[in-house]
Amino acid sequence: MSNRNSVLEVFNINNNSNPKKYINVCAPMVRYSKLPFRELVRGYNVDLTYTPMILAKEFKNSNIARNSDFTTSKNDKPLIIQFASNDNVELLKAVELIVGYVDGIDVNCGCPQKWAINEGIGVYLMEKPEIISDMIRTIKTNIPTLPCSIKIRIHNDLKKTIEFVKRAESIGIDFITVHGRTRRQKSTEPVNLNAIKLIKENLNIPVIANGNIFTLNDAEDIYNQTGVNGVMCARGLLRNPALFAGYDLTPWDCVENFVRLSIAYGSNHFILHHHLMYMFEDVMSNAEKKSFNTLTSIPAIIDHLEEYYGLQLE
């Protein structure tokens, strides 16, 4: 697994063989953006994927945590591992364990959950740029060939955000993902596209936009209004993993592919069931959803899909 391509190559899209305007990115999602799902979306025009957010301290200290949080394969690239940390030494030790198995690391500066803020990680770090600086410098000094990025939210005062991202760029960040909401905004509130555009205009490194992407048209609109280098999707891909391939709803072959991958990689019942509920959200009747929610094993799920949808795994 040591001969990984640089993740930065994925941004070099302005050429005759690949005339895409921007790259399509699958977001880091707790529980959901694991290996079977990452491999699935790569087959539907996703260019770059992330692991779920992983706590660097736990990853460093526990072999059980490492085996639970991270698996990969020869097809799983380019891949970014996202760590949550506020300690440069702990982060470096975690990263040293993963070098050669990923194409880059991302430091989470955007998780708005209360537990993360209480732990001094996630969006808490948006008020502590010196901590981010220490962590990135440490990684760049000790592992200079590994691309580093951060995923952020915006401040109420955009001047602070511009200062934050410029400081990050000056210490060697290779690219930045911007979720266009503040730490207190809900997911139902509009994304601030002007803020993302302003950040893009003030940086010389690639910028990925994140937030409120549920269709391919949404992705196009965000690109057209901000000029970013990439568009990252989370909830939209859960509902429709083929979104970036232009499908309005999850195609049936996508469901079959995901079930095959989940079985092959040993996914548990909980993850498989939740993914399928997202994919069938706009297809199943309320009565069928209630019935599907009672299924408590993978064989029961497969039987249901075979009986009602003609699932064929062989």
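Here the Cβ of each residue, glycine as well, is placed from N, Cα and C on the backbone.
Feature annotations, courtesy of TrEMBL:
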type	residues	note
ACT_SITE	CYS111	active site, proton donor
BINDING	PRO28, MET29, VAL30, GLN82, HIS179, ALA234, ARG235	FMN binding site
DOMAIN	26-282	domain 'DUS-like FMN-binding'
Check your understanding: On the Cα atoms of PRO28, MET29, VAL30, GLN82, HIS179, ALA234, ARG235, which are listed as binding FMN, what is the maximum pairwise distance in Å?
Key -> 18
Practice item. Provide, as an integer number of angstrom, the distance between the C-alpha atoms of CYS111 (active site, proton donor) and ALA234 (FMN binding site). Key: 13
Practice item. Would you count the other C-beta atoms found within 10 angstroms of the C-beta of GLN82 (FMN binding site) for me? Key: 26
Point to revise | Intrachain C-beta neighbours of ARG235 (FMN binding site), sequence separation six or more, cut-off 8 angstroms | key: SER187, PHE214
